[in-house]
Amino acid sequence: MRMKKTVAVIGAGNVGEHVASLILLKNLANVKMFDLPRKTEEKVFEPVKGKALDMKQMLAAMDIDARVEGYTVTPEGEGYEPLEGSDIVVITAGFPRRPGMSREDLLEANIRIISVIADRIKRYAPDAIVIVVTNPVDVMTYVAYKLLNFPKNRVMGMAGVLDSARFKTFISEELMVSPKDIHAYVIGGHGDEMVPLISISNVGGIPLKDLLPKEKLEKIIERTRFGGGEIVNLMGTSAYYAPAAAIVDMIEALVQNSKRILPCSVYLDGEAGEYYGVQGFCVGVPVKLGSNGVEEIIKVPMIEEEREMWRRSVESVKKTVEVAEGILSAGSSRQ
């Protein structure tokens with residue numbers, strides 16, 4: 001019987017805690033959660049330990065034989081020693097964008113967080129596969145890749161799996177068919193410039209463009225692009241059920257060595273980079289996921305209209321990467 005893998009989840013907020021609970025409910029792996037304390041004037045709370053205890057009792061109630069622990073850490077990086085032995089590390093920790101905060105402010109704040117976490121992963125889990133969720137995800141995946149100095153197959157970002165799930169949801173609602181029978185990919189940067197690949201999307205083998213008129217497809221694409229914002233406007237907070245499920249989809253492929261083809265943000269260079277017109281940064285493309293991480297980058301065909309959308313998406317990510325490079329350089333020169 002093979003040893004159960006261990007997944008570390010850094011950041012046990014809405015997304016992180018749902019990732020942990022889904023992993024446990026599917027009995028995919030043991031889980032370690034890491035998060036900051038919550039301080040009030042009267043008391044210092046350790047919510048991550050409380051969540052882990054709650055999940056232990058959930059497992060007992062459901063007769064699931066898995067382990068979960070919660071560890072309180074500091075912003076400076078103390079308390080990460082239990083990362084040791086983790087096979088997969090998921091980074092969900094990060095600041096959301098707040099009113100009055102520029103994109104550069106957000107970048108700088110989250111680069112600081114990723115820098116501390118990357119250092120601790122290198123120290124305690126040097127053989128782990130790392131999944132980055134912190135936004136802006138393509139840029140933070142690149143930052144993590146550069147700071148970790150891991151082989152590129154072991155660092156990836158979650159974006160396209162979620163965007164593709166949203167795309168499939170809206171197609172499913174429009175056509176009144178099961179999402180299981182819809183094959184559709186969204187690639188590119190995780191943002192307004194994402195690229196839904198209509199030309200290769202199909203429902204039960206029938207091309208999507210033969211089932212929906214262009215104007216309806218355009219509305220679905222627009223809704224997909226702003227799918228996260230739609231949820232924020234309804235709930236007053238970011239989505240977490242679907243992002244968590246998308247992350248667990250990736251984890252399942254890694255743990256079970258299932259060779260799934262999933263769109264992930266990965267570092268592109270060489271032959272694959274030449275095909276996609278990207279050299280030296282991370283952006284979302286279909287990849288084969290297995291026990292070694294990213295085992296192959298799939299070269300997906302695109303029609304000219306999609307190629308143009310792809311170029312715009314890549315350019316948008318590249319500009320933000322350049323800003324991040326400046327922040328990283330400034331940070332290293334201060335040390």
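Using N, Cα and C of the backbone, Cβ positions are placed for all residues, glycine too.
The record from Swiss-Prot ties Arg103, Asn135, Arg166 to substrate, and of the options Arg97, Arg112 it ties Arg97 to that site too. Residues Gly11, Ala12, Gly13, Asn14, Val15, Gly16, Asn110, Val133, Thr134, Asn135 are given by Swiss-Prot as NAD(+) binders; from Asp35, Asp87, Asp119, that same site also lists Asp35. By the criterion of other Cβ atoms within 10 Å of the residue's own Cβ, the least surrounded of the recorded positions Gly11, Gly13, Asp35, Arg97, His190 is Arg97. Proximity to His190 (active site, proton acceptor), judged by a C-alpha distance within 10 Å, picks out Asn135 from the binding-site residues Gly11, Gly13, Arg103, Asn135. According to its DSSP assignment, Asp35 (NAD(+) binding site) is in a strand. For the pair Gly13 (NAD(+) binding site) and Arg97 (substrate binding site), the Cα-Cα distance reads 15 Å.
Closest to Arg97 (substrate binding site) by Cα-Cα distance, out of the binding-site residues Gly11, Val15, Asp35, Val133, Asn135, is Asn135.
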